[in-house]
Amino acid sequence: MLDVKKLRSDFEGVKAQLERRNGTIEGLERFSQLDASRRTMIQEVEELKSKRNDVSEQIAALKRDKKDANSLIAEMKQVSERIKEQDEQLRSIETELEALLLTIPNIPQEDVPYGESEEDNREERKWGDVPDFSFEPRPHWELGTALDILDFERAAKVTGSRFTVYKGLGARLERALINFMMDMHATEHDYTEVLPPYIVNRASMIGTGQLPKFEEDVFKISEEDYFLIPTAEVPVTNLHRGEVLQGEQLPIAYNAYSTNFRSEAGSAGRDTRGLIRQHQFNKVELVRFSLPEDSNNQLEIMTTHAENVLKRLGLPYRVVTLCTGDLTFASTKTYDLEVWMPSANTYREISSCSNIGDFQARRANIKFRRDPKSKPEYVHTLNGSGVAVGRTVAAILENYQQEDGSIVIPEALRPYMGNVNILS
């Protein structure tokens, strides 16, 4: 949520910054109109209350002098009724303003490149050599099916499209990756491991920005105001909802493994095969709470931690800065890590690392004190994938495939696979 004081004091400036995202921001003009009405109404109510006070004093004076005050009493009754009506209208306007404020996205940082789509994202760096196969590389869904480690048909029978059954060494590979990533972040990158609930309440989803704007993209539990998490960012960020942290605690860093659930309502027809876009998938999430002046530094640190996973696995990747039009709703700056996928001859997203600024902290009321006597300030929150597990499975199958269809296991994973070094 944006700082409403800044929005009111510099509306045109904020509007110009937000329009760098993708043009007109829905709800912004309505907010301005309503806020102007609110200010006018507050002034009117204050004038009416002042008038009521004056009339009350006049009535008291007349009564002291034992004079007729009936006409003034009638006038005061009318004024009181108008105040009551205006107060009700004011409450209605303020409720709508609060709802509108929840639908306005975050402001991009000044160094975020301007653009309208992913085509305008800026490449920052590359790592690793893409494999040079002497044969036509096969897509991961063909490899996994042939090895009998991925079963898309039975998953569709059990549930529907965009689900997968992992079998045998495929299931073991997924589990090995989760343990490898969690261990790496906890022991080498100094994160505190968290195992959060996979079901959260509405307040948590509002706190991190999924609701109210993106309710169609998440799964809601029928007859309960609970939601299946689309990412561990939701429960982990909300661990400190409504709290005031101590400045010396910051930065706070958590890593969490979770299964995630997304309806992918806006992705019909995209990535219908394989592991890239699933309704249910596993991911290791990184969440950081930071001092405001240190959050961009923390973004660089967190992005490096996600990169280290791909480096250790020997997977070629690149880092891109998302342009203004490709930023997510809550982000002020995002780096995407894109892993090389040989069958498509392109890089595909495997991690997004974002600085959210105080956007979530305002929604979830997460603050800190620099010292015991200082006024609480909003923290900055950051989150990133460290990394998406299913997409890592897909990348390993494709980048480590052999001509006979077997898959070499990356050396770093072999201790987690019982020293299995090849899938065949």
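Every residue gets a Cβ built from N, Cα and C, even glycine.
As annotated by Swiss-Prot, region 'Disordered' applies to 109-129. Broken down by DSSP into helix, strand and coil, the region 'Disordered' (109-129) contains 3 helix, 6 strand, 12 coil.
A C-beta separation below 8 Å, combined with a sequence spacing of at least six in one chain, links GLU285 (L-serine binding site) to THR231, ALA232, GLU233, VAL236, ASN255, ALA256, TYR257, SER258, ASN383, GLY384, SER385, GLY386. The L-serine binding site feature in Swiss-Prot is assigned to THR231, ALA232, GLU233, GLU285, SER385; the stated evidence is sequence analysis.
Sequence-distant contacts of ILE350 (ATP binding site), defined as residues of its own chain at least six apart whose C-beta falls under 8 angstroms from its C-beta, comprise LEU310, TYR317, LEU337, GLU338, VAL339, SER385, VAL387, ALA388, ARG391, THR392, ALA395. Per Swiss-Prot, the feature ATP binding site maps to ARG262, SER263, GLU264, GLU349, ILE350, SER351, SER352.
Just so you know, of the binding-site residues GLU233, GLU264, GLU349, the Cβ with the fewest other Cβ atoms around it within 10 Å is the one at GLU264. Residues ARG262, SER263, GLU264, GLU349, ILE350, SER351, SER352, recorded as contacting ATP, have a largest CA-CA distance of 19 Å. Of all Cβ atoms in the shown protein chains, 23 besides its own fall within 10 Å of the Cβ of THR231 (L-serine binding site). For the binding-site residues listed here (ALA232, ARG262, SER263, SER351), the lowest count of other CB atoms within 10 A around the CB belongs to SER263. Our reading of the L-serine binding annotation (THR231, ALA232, GLU233, GLU285, SER385) yields a largest Cα to Cα distance of 9 angstrom.
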